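**Student:** So Swiss-Prot lists these for the protein:
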SIGNAL    1-19  signal peptide
TOPO_DOM  20-851  topological domain 'Extracellular'
DOMAIN    120-207  domain 'IPT/TIG 1'
CARBOHYD  N275  N-linked glycosylation site
DOMAIN    293-380  domain 'IPT/TIG 2'
CARBOHYD  N321  N-linked glycosylation site
CARBOHYD  N406  N-linked glycosylation site
CARBOHYD  N426  N-linked glycosylation site
CARBOHYD  N450  N-linked glycosylation site
CARBOHYD  N517  N-linked glycosylation site
CARBOHYD  N578  N-linked glycosylation site
CARBOHYD  N588  N-linked glycosylation site
CARBOHYD  N752  N-linked glycosylation site
CARBOHYD  N787  N-linked glycosylation site
CARBOHYD  N806  N-linked glycosylation site
CARBOHYD  N836  N-linked glycosylation site
TRANSMEM  852-872  transmembrane segment
TOPO_DOM  873-889  topological domain 'Cytoplasmic'
Amino acid sequence: MEKKIILLILFLFFISGYSMNPPTPIDAIYDDKSFTLIFNSNLPYSTRLILYKNEKEPRTEMAPNYFNCSLVDGERHCLFHSDEPFSRLWGSIDSKVCVRDKSNTVEDCTFDASGLVYYPKVYNLKYSKKPKTSGEDIVITGSYLRLFGGPNFLINSIDVNKPFVVKGNFSDPSFDCNNITVTFPPGSGKFRLYYDETGDNPVPFSYESPIISSSVSDSSKQIITINGDNFFTDKDLVKVSFDGIDQPNFIISVNHKQIQVNNYNRVDPGPMSVNITVDEVSIEKNYIHCFPAIITSISSVSNHLDGIVTIKGEKLSSTLNSSLTPSITIGDKVCKFIKSTTTELECKLDANELGGKNLPVNVNFGGCDSTSPNGVSFTYNIPTLSSGSYSNGIVTLIGTNLGTNNESSIQLYGDGIKNTNISQFNVSSSDEKSVTFELPHLRCRSFNINFTRSGITAKTLSISASLSVNVINRPTVSNGILNIEIYYMDCTISSSAPSITVGDSSSASPCSIPSSNSSYYETTCPTPYGTGINKQFIFKLNSETVSDQFSYAPPEVENRTISDDGTNIELHGNNFGNSTSLIKVYLNGSDISSEIQELEDHQLTIKILDSYENGPINITVDGNYMDSLFYLTLPPVIYRITNKDNKTLACGGLITVSGKNLLTSDKEFKVNVKSNNKNTTVFAQDEKILIVRDESRESSLFVTTFIGVRSGPSTTLTYIKPMISEIPTIENKIEKGILAIIRGYSFTDILNASLTVSSETVPLSCNLECSLSPNEILDDSDSSETNITNSNTDCLSCHSGSSVKNTSGVLYLLFNSTSFQYNVTIEEIKLSPSPNVSQRDVETKSSKPSNGLIIGSTIGSVGGALAIGALAYYFKIPFRVKKFIGKKF
């Protein structure tokens, strides 16, 4: 289709006789994301590109493109747009550009793109590296790399008829033309690359410079071998120079990789500069080849004195440059140069406190290190040991050149003794002739000493130590056993059972026959009844004796019990002793030793005082402290039942008990409150107050308290007299009967209720709901409050099975001995066709009682608050309800 359009346009041109000039941009502006061609405003301008794959075949897969032209300052700026990314801009030198004249809408697409003077050249060009002379693939990145060039060949100045191969399928829509891989064949030197094939825009490039990785000289064969890369294969293109002097006698012994220079000999030590140039491309930095000094022997000096070191060998002096003097190092120390010939050198070595063995020696001429064919190294004087002794746990060694703590090491070994390293010892600093160290525990008496300084071991020395013991436990106060480790035994003879004498005892107690392990012998010895710390004893084994000390085990408490009457604490444990004068007992830091009632080694009885609080118990026996304190929890104490005037509400009444430790978790001390020998319900509780709810309806309550099975305070509570706060209108439901809801406080379910109308008395049956919900308590002093409502009153629901015809009557109520009588209004209620009637929750018309209001005596604590709350509600006095939060009942 596109070809037909082009032919049609050409045909129109020929018919009209119109001839269009080729596009001649005066400039091009471009970067990696856009390009603009600039034309004179009165001349033809470009409209689009037709990129070709080759000389004759356009790119059919190419997305549409166009130039968006506009006049800017009298010039026509044509910005190129394409529906595919710029990384896909590629085409041959035969690509076409379409042109339009300013005065004609006809588009002419016959012009060669190569005819454009200005167009985007390669931009932001980068190479992954330069190619080796042996040839390799190189990655080239940049913009417009294949615009008007290639695409799969890159023309070069080495041979324009043999372009480099560009890898990749350019017709693949995913192929990135800004990132191409080019195969460079083997070659050398500098050349030019032509990315657009016009020949007008050469880009200089070259093969990689020669690289020298190593060099080896063979003086016997007078050959120097140079290893590296990029030496190419043609000797005529290569130049080799040593210290600026060309070397004609060389061959390329391995293509690209190795050059061998023949007939070269040098007697002086030091560096030599090597330069290689391949096809006018030189090595980037001259390589330094070293002719090393050769060391065959070296003398030794004392490490703590200055000394002259003599080195023998070859190339130890420069005959060509007398000012070239070496730097000499022995280990990490400098040996100051004195003089030298080609075969012998002298230098001065300062004192070296660390010394050393087999230290490396280096004679460096101008940066070139020496070599030694027989591995010559330097060693300071060898240490010697002449004698050794043991006294009071300290070993002393006598010798020479013993070095310092940092460079020396000591190891002990022997029959029956595992190898033991001594990490802490002291060498005399003035003459290095003595060493002292603390002898560690050894199983056997005789041992060998291995002394090493800087890796040099002195002659082995043998020493014997005297008997020693180590106590490893603390015996109990009674029937105690002392475990003793034995060191420095005579392992060559059979030992009899040792004995122990404690304190001022006149008799010794036999111990067990020592048993052995890899580190020591062990025996067990009995100890007499006793307490305290640092007790002296004498240990005897065969003919040797040694003195030491031990401490008895500290007191410990395992558990506690409380006496049946609750008056005493019994602490059970160990090592309490039997003397009250030697024991101290502290509770919460206070001394309670005076309250000790009984004392035995395993039990301690203490009287309980009201002032005691839960806390840590600390016991000392004869100056011996407990390892860990015992936390003492005390049983609950009930002080009294605190209801004021021994009163409580009749309906769901609360009973308040005061005391301490009321929250104990011990089942044996659980606090329980009973009313008329019946269990009560816990309403609220903390360490000092317990509030329970009584569920009975009896007129008086005999309240008893218990701590576990032990009884506590008891009393008899009576109910405050009932009080009515609200009498609603009586509902008279036809066919259902009479319903009356009465609200108040301290109602009982022992009552008689009736409604008198005219001369007829209608008996009423009543149901009672107590007011106090199980998560509320009345209070008048808390900031977290809500107003009291009818939900906080007792609710009495009374009804009959028959209705009445009257509109008024007298309601009679009798609670035990307290009676109430009210004139009431009776309201007839008609039932709906589909009734769903239950206990009414909505307030009906109500009336406040005008007479018969009776209030019993108020009670203390919560009971009193309830009575006060009832009064407050009746007289509309502000009152609050406090919520219990976080309590578990």
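Backbone N, Cα and C atoms are what each Cβ position is placed from, and that goes for glycine too.
Could you place these features in context, so I can see how deep they sit and what lies close by?
**Tutor:** Long-range Cβ contacts of N275 (N-linked glycosylation site) within its own chain (separation 6+, distance under 8 Å): K239, V240, S241, G244, S282, I283, N286, Y287.
Other Cβ atoms within 10 Å of the Cβ of N321 (N-linked glycosylation site) number 12 in total over all chains.
The number of other CB atoms found within 10 A of the CB of N406 (N-linked glycosylation site), across every protein chain shown, is 10.
Of all Cβ atoms in the protein chains displayed, 12 besides its own lie within 10 Å of the Cβ of N426 (N-linked glycosylation site).
The secondary structure of N450 (N-linked glycosylation site), as reduced to three states from DSSP, is extended strand. The Cβ of N450 (N-linked glycosylation site) has I410, Q411, L412, Y413, T457, T460 as same-chain neighbours under 8 Å, each 6 or more residues away in sequence.
A coil conformation is recorded for N517 (N-linked glycosylation site) in the three-state DSSP classification, outside any helix or strand.
Less than 8 angstroms from the CB of N578 (N-linked glycosylation site) sit L599, E600, D601, each of them six or more residues away in the same chain.
Counting every protein chain shown, 14 other Cβ atoms lie within 10 Å of the Cβ of N588 (N-linked glycosylation site).
On its own chain, N752 (N-linked glycosylation site) has Y812, L813, L814 as residues at least 6 apart in sequence with a Cβ closer than 8 Å to its own Cβ.
Shown in sequence order, V757, S758, I826 are the residues of the chain, 6+ apart in sequence, with a C-beta less than 8 angstroms from the C-beta of N806 (N-linked glycosylation site).
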**Student:** I'd like to confirm something. Which of the glycosylation sites, N321, N406, N426, N588, has a Cα closest to the Cα of N517 (N-linked glycosylation site)?
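**Tutor:** Comparing Cα positions, the closest of these glycosylation sites turns out to be N426.
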**Student:** List the helix, strand and coil residue totals of the domain 'IPT/TIG 1' (120-207) as derived from DSSP.
**Tutor:** 0 helix, 37 strand, 51 coil
**Student:** Between N321 (N-linked glycosylation site) and N588 (N-linked glycosylation site), how many Å separate their Cα atoms?
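**Tutor:** That comes out at 92 Å between the alpha carbons.
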**Student:** What are the DSSP helix, strand and coil residue counts for the domain 'IPT/TIG 2' (293-380)?
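**Tutor:** Result for the domain 'IPT/TIG 2' (293-380), in helix, strand, coil order: 0 helix, 40 strand, 48 coil.
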**Student:** From the Cα of N426 (N-linked glycosylation site) across to the Cα of N588 (N-linked glycosylation site), what is the distance in angstrom?
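**Tutor:** About 50 Å separates the two Cα atoms.
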**Student:** Cα-Cα separation of N406 (N-linked glycosylation site) and N426 (N-linked glycosylation site), in Å?
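**Tutor:** Answer for this pair: 10 Å between alpha carbons.
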**Student:** What is the total of other Cβ atoms whose distance to the Cβ of N517 (N-linked glycosylation site) is within 10 Å?
**Tutor:** 9
**Student:** Find the average pLDDT over the domain 'IPT/TIG 1' (120-207) in the predicted model and report it.
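**Tutor:** Averaged over the domain 'IPT/TIG 1' (120-207), the predicted model reaches a pLDDT of 94.
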